[in-house]
Every structure is written in structure tokens, then in C-alpha cells.
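The block underneath contains the structure these notes are about, expressed in C-alpha cells.
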Amino acid sequence: MQAPQPLIIAIVGPTAVGKTAFSLDLAQALNGEIVSVDSRLVYRGMDIGTAKPTPAEQALVKHHLIDVVNPDQEYSLATYQAAAYAAIAQIQQQAKQPILVGGTGQYMAALLEGWSIPEVAPNYELRARYEQQAASEGHAALHQQLQTIDPEAAKAIDPTNVRRVIRALEVFHETGQPISQLQQRNPPHYRILTLDLERPRDELYARIDQRVDLMMREGLIAEVWALIRQGYGWELPSMSGLGYAEFRPLWQGQQSAGACISQLKFNTHRFARKQGAWFRRLPKRVSLDARHTDLLAQVQELLAMPEHAPIHTDH
């Protein structure tokens, strides 16, 4: 009789839904370690704007793939995927439970679905041309260009995510093949349980606004200024993301702090809506109401089912 495959638990959900607190409870209950699945937590020095788990939280449970590179270093999806699979194997070898936690849907899908990611080196000259086109013609025109050559990728990529649109165009330019065809699926040898935390939208928005207000009290603007003064420019992928780009008009004297904060709240609401589209497509997904106080007990009931029973390996 073939031995069951080891179990991977994934915790997903929109920003501010409560993933961090729940993941710490679950990891402690299951003798687990956490693998961060967040494209922004890899950057050192970007702590407040990314809502990075605090040093105290990281001391409670070991976390992997946090503070991996400096904000000006490139960290591709392929690099992340390889590092995450290595972290999962390391956790399993210690007879502990790997728990994937994060809100970057593309990264989570790449792990759980086993994407075969094309190794295409960046063409910075080509990227600059596309960026210039986006600036002059608008992001919708660039997305329409992708729609023509790769409708499947265009459907999956938000038109406002110019960086991802450009990457898809770049891959087609360099290989002559659509990125959607190159991203083949080779599911990893794990059993998967995906826990999707949800809250009513009005409550989630209120929590987002409270989080942004907390970030301001913790010194988010000072963190952004420190990064700029260290030479990390606004054009970097790390600095053009949520929580940082909103303060560029303040730095340039074009908007007040209050206007930038309002924009950050608005952008985070929009981001939270988009996250759900990724999570709904993930394998073996179970929706959980994050308001319930017995979440841990609910998950332990799921884990009591034979198909979800944790199995540790020592290979």
C-alpha cells in the first residue's frame, strides 16, 4: 500500500482579514513552521507598510522567506518558488507541519499548482519601452496588446498591474510563446488543505482602515522616507507597491499626508477585492468565517478527516 503524501496547509485571505494571528495559533497547535507567501515580505527594511509579522510574532513560530533581499534586489517568482519548496522540504525533514501563509495569490497558486515558470532573463531596454508606452497611452492600451497575443494571460492579469502585464509581454517577445502556455502545471507531491479566511466586506474595510491608522502611528511615513534616503527609488518594484507608492506625492510636495493616507485606504480596499479572485481558484479550498472564535477547533475537525490527516516524513 502506497504511503499517503504529506499534507500542506495553506492559509489565505485578503489583507487585514486576520491571517497572521490565526496562523500563529495553528502553527503552535500543530508543531508547525510558517512559510511566508507574500511578494513584499521578502524585502528587508520594509516592515510597517507590508504589515510584516513583528519580531515577537516571528519568535513565537519560525518563519521562512521573510527579509530575504534588499529593496533594490530582484526576486522573481521562479526564485521564490524554488526557495519555498526548499523551505517546505526542510520543515518536513524536521517532522514539523509546513503552513503556507500569505495574500499574494500568484505566489500561492505557483506553489500549490506547481507552475513551471519560464526562466526568461529581464530585458530592461524592452521593459523601458513598454513603461514609456504605458505612461503615454495608458495601462489599458498595454493590456490590450497582451490580450491580442495571450488572451488567457490577459484574463488573469489585472490591467492596472503594469509590471505583470509588461512581464507577460516580455516573455512573449523573448520566447515567441505566450506566458500562459509556458506556465504549465505540475502539481507537487503534497496533499493540500487551503483555508480561505473571509469577513463581510464592510467589516474587512473597517479593519483595513484601522490597520492603516496603526501603520501611521507606528511611523510608516518615516519608514518610507528612510528608504528613499537610503537610495531606494520610487521606480523600484518594492517601492512602487501598496503602502509606499501612495506617499510619493507627499515627498514631491504635491499632496497632503491626509490625502495620501486616504488613497492608501482606497487602494487597499481595491487590492483586497482582487485577492479573492486568486483565492477562489486555489485547490482544496475551504472557506472559513474569520469572525468565529472557534476557528482552531474547526480546522482540527478538518484535520481529523483521513484525507487531511497530517503525515510527517523524514526523507
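A Cβ is built for glycine as well, from the same backbone N, Cα and C atoms used for every other residue.
According to Swiss-Prot, the protein has these features:
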type: BINDING; residues: Gly13, Pro14, Thr15, Ala16, Val17, Gly18, Lys19, Thr20; note: ATP binding site
type: BINDING; residues: Thr15, Ala16, Val17, Gly18, Lys19, Thr20; note: substrate binding site
type: REGION; residues: 38-41; note: region 'Interaction with substrate tRNA'
type: SITE; residues: Thr104; note: site 'Interaction with substrate tRNA'
type: SITE; residues: Arg127; note: site 'Interaction with substrate tRNA'
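Counting Cβ atoms from all protein chains shown, Thr104 (site 'Interaction with substrate tRNA') has 19 others lying within 10 Å of its own Cβ. For the region 'Interaction with substrate tRNA' (38-41), DSSP puts the residue distribution at 0 helix, 0 strand, 4 coil. Remote same-chain partners of the region 'Interaction with substrate tRNA' (38-41), defined as residues 6 or more beyond its termini with a Cβ less than 8 Å from a stretch Cβ, comprise 50, 52-53, 65-67, 75, 80, 102-104, 106-107, 238, 241-243. In sequence order, Ile166, Glu170 constitute the residues six or more apart from Arg127 (site 'Interaction with substrate tRNA') in its chain with CB-CB distances below 8 Å. Each residue contributes its Cα atom, and for Val17 (ATP binding site) and Thr104 (site 'Interaction with substrate tRNA') those atoms are 14 Å apart. A mean pLDDT of 96 is what the model gives for the region 'Interaction with substrate tRNA' (38-41). Long-range Cβ contacts of Gly18 (ATP binding site) within its own chain (separation 6+, distance under 8 Å): Leu197, Arg199, Arg207, Ala290. Reported as a whole number, the C-alpha separation between Ala16 (ATP binding site) and Thr104 (site 'Interaction with substrate tRNA') equals 13 Å.
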